[in-house]
Amino acid sequence: MVSNVNDMLAVNIAGIKMKTPVMTASGTFGFGLEYSDFVDLNQVGAIVVKGTTLAPKAGNSGRRMAETPAGMLNSIGLENPGVEEFIHTIMPRLAKYDVPVIVNISGNTVEEYGQLAARLDKTGVAGLEVNISCPNVKQGGIAFGTCPDSAAQVVREVKAKTTLPVIAKLSPNVTDIALMAKAVEAAGADAISLINTLLGMAIDIHTWRPVLGNIVGGFSGPAVKPVALRMVWQAANAVKVPVIGMGGIMTAADAVEFMLAGASAVAVGTANFVNPYAAVEVAGGIRDYLTERGLNQVSQLVGKVNCG
Amino acid sequence: MAKTCVLAQIIENSVIAGDVFKLIVTAPAIAGIARPGQFVHLRLTDQLDPLLRRPLSIADCHAANGTLTLIYRVVGRGTMLMTKLQPGDTVDCMGPLGNGFTLTGQRPLLVGGGMGLAPLVMLAKAFCSRPATILMGGRNEQELFWPNMYAGVCPNIHITTDDGSIGYRGFTIDVLPGLLEKEKFDVIYACGPHVMLQGVAAIAAKYKIPCQVSLEEYMACGVGACLSCTCAGTSGKRHKVCTDGPVFWAEEVAW
Ligand SMILES: Cc1cc2nc3c(=O)[nH]c(=O)nc-3n(C[C@H](O)[C@H](O)[C@H](O)COP(=O)(O)OP(=O)(O)OC[C@H]3O[C@@H](n4cnc5c(N)ncnc54)[C@H](O)[C@@H]3O)c2cc1C
Ligand SMILES: Cc1cc2nc3c(=O)[nH]c(=O)nc-3n(C[C@H](O)[C@H](O)[C@H](O)COP(=O)(O)O)c2cc1C
Ligand code: FES
């Protein structure tokens, strides 16, 4: 089958149709609008917006960002304007673009995740990414994402309250990622995304104090790529639902690695800060790679790593 | 025209004093629209380390010949890499970012401490038909390059140094109340260390003079997407220093 060259990058993840397999990772592309001076948002596979909660959230105090070798630590603490502000003022502006918008949701309790899911139904969003993996908030967040039972409970609740596709975003801060992946799949997740940030720390040797106000933070960027790639490979081998891979993707070559490991789509995170055009350039690079190899559909890469 | 990323060509990169450098680059798309108080975000290497861009204030800008002047102090790896830039090289420059100063007032007083004096150069020039006064503070006499930079731009220059090696011995905020009592300033613009800005804001409030401050925060994206840089605002909301600022009215900031 020879597919149209324009379609060679198209993917359908759990019913979310994307022009390219390259999404933007939650918390690293704002609401997309922040980057609209640089990027034609219509060219992005999907925009995953910042972690959204029921009530507005101020996030953590003190220093929130530290650079590390080929990476960074953040302790934003889920600062966001709340779901109502998103629905009333942000989504209408995003709706002008022809790009799927996926909302990353976060709650303090299982019920809150359900309420968020119900509220976002029929608002024009294309899907929900359930954040059970934020390392920067005490309640909720990672607490749900490091225990298979509670992760499954959250996903089940969200599934019960929405008709939208549900993506479960996994934390890398666990010993057995395959176990987590299976748990959320069994609970009904339509797709799985990983990895969220790794728990990290930096210390100022002049003051003997932690660099971040929150003491610990989420580690991301190219330095985490080998860990992310390994986890995506392990998770993809454990489940049948599509896997969205992320963690340190800077270039098309990085994205191809994730797809060979089993990811059906990828997300670009920290790279956006360095290069606002990253998501579009990575997609273009994947197209070039496919063309060079005589392939006509990006799905031909998925899970093709030869470990034999 | 709006924010862009351009490959800016280096025209000059020279030491002006100690560990402080002046970098002049050609970036017409940015220079054509930049306003005092705005900044650029520089990507200093194609390598992955150091990874993030570095924010630097626009110290001066010539729309006609498309150049930007940045004044930077070498403090770490990024600024050290900057010292290696040679005329003819290019650097990935994102800008102009942030909101600049609001140019109100007929008798402005500029207050700058340390590298906070960089954005005030462009501000002082914008006021050039009005008699801008500047109060500048630094560590010692070695920072004497600043008065040279403001000569011909600010008719009145007041100086303080921490060690008294030149000007008044002490801080800008020690001198500020006296200045405000002597002269009738109708607006204050301040940029410098956080404690200085806090002091200036308190004094401005006491004398009921409108005051704008330019804040500095650790930044990743520079465009309002990552929320690394937020600071507490008096309205209860947090402000993004990169896009709501870096310039704020002093009363908007919860000091
Ligand atoms: C809006 C704005 C305007 C600025 N304008 C100027 C200017 O005109 N001249 C000047 O000399 N400096 C200015 N600074 C500070 C300048 O950004 C830092 O000195 C510089 O980033 C240090 O980089 P480095 O790699 O040498 O230091 P490192 O210590 O190696 O940097 C490590 C990380 O910390 C960040 N960082 C370090 N110091 C600061 C700081 N003070 N503020 C924010 N981030 C910091 C770096 O960007 C980097 O991400 C400005 C900062 C901001 C936020
Ligand atoms: C500043 C920042 C904020 C983030 N905020 C969120 C968030 O709100 N919700 C979430 O699920 N992940 C969040 N993440 C994690 C990213 O979406 C992504 O999973 C992680 O950064 C790994 O990808 P990367 O290495 O390409 O950045 C954030 C990451 C960064 C750097
Ligand atoms: S630096 Fe990213 S929001 Fe300000």
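Cβ atoms are placed via backbone N, Cα and C, with glycine included.
Copied over from TrEMBL, here are the features:
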DOMAIN    A:8-289  domain 'Dihydroorotate dehydrogenase catalytic'
BINDING   A:Ser26, A:Lys50, A:Gly51, A:Asn104, A:Asn131, A:Lys169, A:Ile195, A:Gly221, A:Gly247, A:Gly248, A:Gly269, A:Thr270  FMN binding site
BINDING   A:Lys50, A:Asn74, A:Ser75, A:Ile76, A:Gly77, A:Leu78, A:Asn131, A:Asn196, A:Thr197  substrate binding site
ACT_SITE  A:Cys134  active site, nucleophile
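The record assigns A:Ser26, A:Lys50, A:Gly51, A:Asn104, A:Asn131, A:Lys169, A:Ile195, A:Gly221, A:Gly247, A:Gly248, A:Gly269, A:Thr270 to the FMN site; their largest pairwise CA distance measures 19 Å. Cα separation, A:Asn131 (FMN binding site) to A:Lys50 (substrate binding site), rounded: 10 Å. For A:Gly247 (FMN binding site), the spatially nearest entry among the binding-site residues A:Lys50, A:Ser75, A:Gly77, A:Thr197 is A:Thr197, judged by CA separation. Residues A:Lys50, A:Gly51, A:Asn131, taken from the binding-site residues A:Lys50, A:Gly51, A:Ser75, A:Gly77, A:Asn131, are distinguished by a CB atom under 6 angstroms from ligand 2. Comparing the Cα of A:Ser26 (FMN binding site) with the Cα of every entry in A:Lys50, A:Ser75, A:Gly77, A:Thr197, these being the binding-site residues, the smallest distance points to A:Lys50.
When the binding-site residues A:Ser75, A:Gly77, A:Thr197 are ranked by how far their Cα is from the Cα of A:Gly51 (FMN binding site), A:Gly77 comes first.
Other Cβ atoms within 10 Å of the Cβ of A:Ser26 (FMN binding site), summed over all protein chains shown, number 26. Shown in sequence order, A:Ser26, A:Gly27, A:Gly30, A:Phe31, A:Asn80, A:Asn104 are the residues of the chain, 6+ apart in sequence, with a C-beta less than 8 angstroms from the C-beta of A:Lys50 (substrate binding site).
Under the DSSP three-state reduction, A:Thr197 (substrate binding site) is assigned to coil, being neither helix nor strand. In this structure, A:Thr197 is the one among the binding-site residues A:Asn131, A:Thr197 with the smallest number of other Cβ atoms inside 10 Å of its Cβ. Annotated pair A:Ile195 (FMN binding site) and A:Gly77 (substrate binding site), C-alpha to C-alpha distance, rounded: 17 Å. Sequence-distant contacts (6 or more apart, same chain, Cβ under 8 Å) of A:Gly269 (FMN binding site) comprise A:Thr24, A:Ala25, A:Gly27, A:Thr28, A:Ser220, A:Gly221, A:Met246, A:Gly247, A:Ile249.
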